[in-house]
Amino acid sequence: MAEIQSINEQEVIEHEKSQVVYTPGQLVIKRFFRNKLAILGLGIIIAVVLFAVIGPMISPHGESEIFYKNDSTGEIFSGTKEPEKLKDIANVGVYVKGEMDSQFWLGTDANGMDTFTRLMYGCRISLMFSIVVTIIEMLLGITLGGIAGYYGGKVDMIIMRLVEIFYCIPFVPLMLLVSTMMVAFGILPEQKIYWLMMIMGFFNWSGVARMVRGQVLTIREMDYMQAAEAGGISVRRKIFKHLIPNAMPVIIVMASMDLGSFILTESTLSYLGVGISTPFASLGTMIQAVNQSVILKNYLNLWIPPGIMLLLIVLAFNFIGDGLRDAFDPKMKR
């Protein structure tokens, strides 16, 4: 009996040793990669990033490079690279709405620019725009929400009243006003991009602040936080070492969702003419071509590709957000 018991104990010990112990972070990653839609979304975003970053490096055409056609010879050339050919004014014209061929995979747009190249730059600018706005939004929201949730009282009341004020501001009319002011002050298109990013980030932090405040209020009452306070740790350490990190799962999920949301917002504003301006390409400025009924009906190659790209990017970020939410909190899926 003693031998049998010792054998059983040895088997139990060996079985326990064979069990793999995962850290919380490893469990999150494992659960995330079990989600097929999340993997699909991640794959789409990686492909789009490579397309937007590497594509312009190998493209023979520039973002705002205008092409011309000599009607007498049929030659198509770049006005930037071969300006001497523009002297034949009588026969040379802008190569607008050019056909799809080996030189222009998606043809040329109404301004004589290569649509495929502009699609690469459009994805790059839209992604950069969304990332910067999300970072600004998160920094403001996490800081103010964390302070409101931790201190409470009058501080909480003041910050929450600010949140309510920002919630009440009509965003699209505000952007129309801002765009008009930029034109009045003569702000250049390359400067306008940065102003738009700052303004959008500044006026969209309220949702993050409210969410972080709720998380901090919940975490602050937990036993380990009570023990930490009894230990006399500093306020800054309590907020940024214990409270905010424990709220990070919700913050990460919200940020991933907002990335897609801000790309959609930027595209909407650019389509309405109050966002990024030509000659800079964004998905919104490219889709804006459908304002011309001729292009809408006869030149599908000018607006369907950016429309599909916008749809894929927004769906991909939503898939990633859902996957992260389920990975951080599997109970929510049930």
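For all residues, glycine too, the Cβ spot is worked out from N, Cα and C.
Marked as transmembrane segment by TrEMBL: 37-58 (among others).
Annotation comment: TrEMBL describes 123-321 as domain 'ABC transmembrane type-1'.
If you look at the transmembrane segment (127-153), the same-chain residues 6 or more away from its ends with a CB under 8 A from one of its CBs are 48-49, 52, 159-160, 162, 193, 196-198, 200-202, 204-217, 220, 235, 238-240, 243-244, 247, 251, 255, 258-260, 262-263, 266, 276, 282, 313. The feature transmembrane segment is assigned by TrEMBL to 127-153 (among others).
The transmembrane segment annotation in TrEMBL covers 165-187 (among others). Panel annotation: around the transmembrane segment (165-187), residues 195-196, 199, 203, 205-206, 269, 272-275 of the same chain, lying at least six beyond its termini, place a Cβ under 8 Å from a Cβ of the stretch.
As annotated by TrEMBL, transmembrane segment applies to 193-212 (among others).
The transmembrane segment annotation in TrEMBL covers 243-264 (among others). When Cβ-Cβ distances below 8 Å are used as the criterion, the transmembrane segment (243-264) is approached by residues 28, 126-127, 129-131, 133-134, 137-138, 142, 146, 149-150, 200, 204, 207-208, 211-212, 215-216, 219-220, 225, 283, 310, 313-318, 320-321, 324-325, 328-329 of the same chain, each at least six residues removed from its ends.
Counting residues 6+ beyond its ends, the transmembrane segment (270-290) has Cβ neighbours under 8 Å at 63-64, 109-111, 113, 115, 118-119, 121-123, 125-126, 129, 172, 175-176, 178-179, 189-190, 192-193, 196, 263, 296, 299, 302-303, 305-307, 309-310, 313 in the same chain. Positions annotated as transmembrane segment by TrEMBL: 270-290 (among others).
As annotated by TrEMBL, transmembrane segment applies to 302-321 (among others). Within the chain, the transmembrane segment (302-321) has long-range Cβ neighbours (under 8 A, six or more residues past its boundaries) at 37-38, 40-42, 44-45, 48, 97, 106-107, 109-110, 115-116, 119, 122-123, 126-127, 253-254, 256-257, 259-261, 263-264, 267, 283, 286-287, 289-290, 295-296.
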Sequence-remote partners of the transmembrane segment (193-212) [C-beta within less than 8 Å, at least six residues beyond its ends]: 125, 129, 132-138, 140-142, 144-146, 148-149, 159-160, 162-164, 166-167, 169, 171, 174-175, 178, 182, 187, 244, 247, 250-251, 254, 258, 262, 265-266, 269, 275-276, 280
